[in-house]
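Since the structure comes first, as structure tokens, the remarks are kept for the end.
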Amino acid sequence: MAPIRMIDIAVNFTDGMFKGIYNGKQHHVSDIATVLSRAWNAGVDRIIVTGGSLEESKEALAIAETDGRLFCTVGVHPTRCKEFEESGDPEKHFQALLALAKEGIQKGKVVAIGECGLDYDRLHFCPPEIQKKYFEKQFELAYATKLPMFLHMRAAAEDFCEIVERNINKFIGGVTHSFTGSAEDCDKLLSFHNMYVGVNGCSLKMAENLDVVRGIPVERMMIETDSPYCEIKSTHAGINFVKSLWPSKKKEKYDQESLVKGRNEPCLVRQVLEVVAGCKGISDIDQLSATLYQNTCRVFFPHDLDSAADALLAGRHESE
């Protein structure tokens with residue numbers, strides 16, 4: 001039986017916690033290499049590093065270049081969209097993002113435009129009008145690069161879906177990641193033929209969240225950690241379905257053999273897979289992981305699907 005293979009579509013490796021910095025204070029050494037080795041051992045074989053601003057996207061690309069299994073996004077998160085205007089020249093800022101995306105495509109590293117979208121839970125960071133304006137603008141990045149989109153939607157389903165619908169022909173596909181919305185919101189997203197839904201610990205918190213996840217067809221789902229955030233906590237509704245556990249210690253007692261308590265990391269995407277399987281009553285976790293893996297390749301790594309399909313066909317021809 002093939003081992004379980006997973007792709008974590010959302011890891012925030014640019015976050016200070018992976019450099020050992022929590023709330024501005026250094027607690028341990030930078031440990032991305034250790035975190036990666038735990039992920040590879042858990043069956044993760046690719047990770048997409050999230051960019052949420054121009055500077056962060058540059059850093060995400062630099063991190064992605066350190067390992068053949070790392071990839072990244074280029075884009076501006078809704079809560080940071082003020083940076084377009086604060087740069088003094090929004091068009092120049094847009095062109096810098098476009099140039100970075102093109103550079104990353106040439107390096108075989110940038111696989112999506114994002115993280116972009118709308119976040120009405122955190123309007124204190126950026127007002128809705130600016131969010132909407134620059135969410136819409138980033139579809140032009142997707143159109144110019146022919147890349148899929150890595151999207152963020154919080155408490156903004158109506159405006160978000162309206163903008164996606166208006167720009168449906170500008171992007172080839174995408175995922176609305178870290179989904180925490182209602183069943184209605186989910187149905188709206190799934191009505192776009194090229195949209196997938198990303199599920200992580202935040203999507204599995206309450207019994208109501210699990211009900212929504214039960215309704216997402218596995219053919220339209222991807223899994224992620226969104227680490228270092230969105231871990232599955234012991235108080236979460238999905239915790240009973242978790243089978244894989246790792247030892248953890250507080251950051252003050254850092255030990256590279258253990259996870260840091262309260263810091264999510266990509267190896268834990270395995271738990272997301274287990275909770276999805278458990279709440280959907282799926283006993284064949286290998287088949288589930290294969291479907292999710294294929295969904296992810298279809299959107300972000302289409303060349304692989306082509307070569308896998310070619311290999312299958314070649315195998316069939318040989319056996320004939």
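Glycine is treated like the rest: Cβ placed from N, Cα and C.
Database features (TrEMBL):
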BINDING   E115, D226  divalent metal cation 1 binding site
BINDING   H152, H177  divalent metal cation 2 binding site
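Annotated features, which come from TrEMBL, shown on the structure.
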residue : record                               : CB count, 10 Å
E115    : divalent metal cation 1 binding site : 30
H152    : divalent metal cation 2 binding site : 26
H177    : divalent metal cation 2 binding site : 29
D226    : divalent metal cation 1 binding site : 26
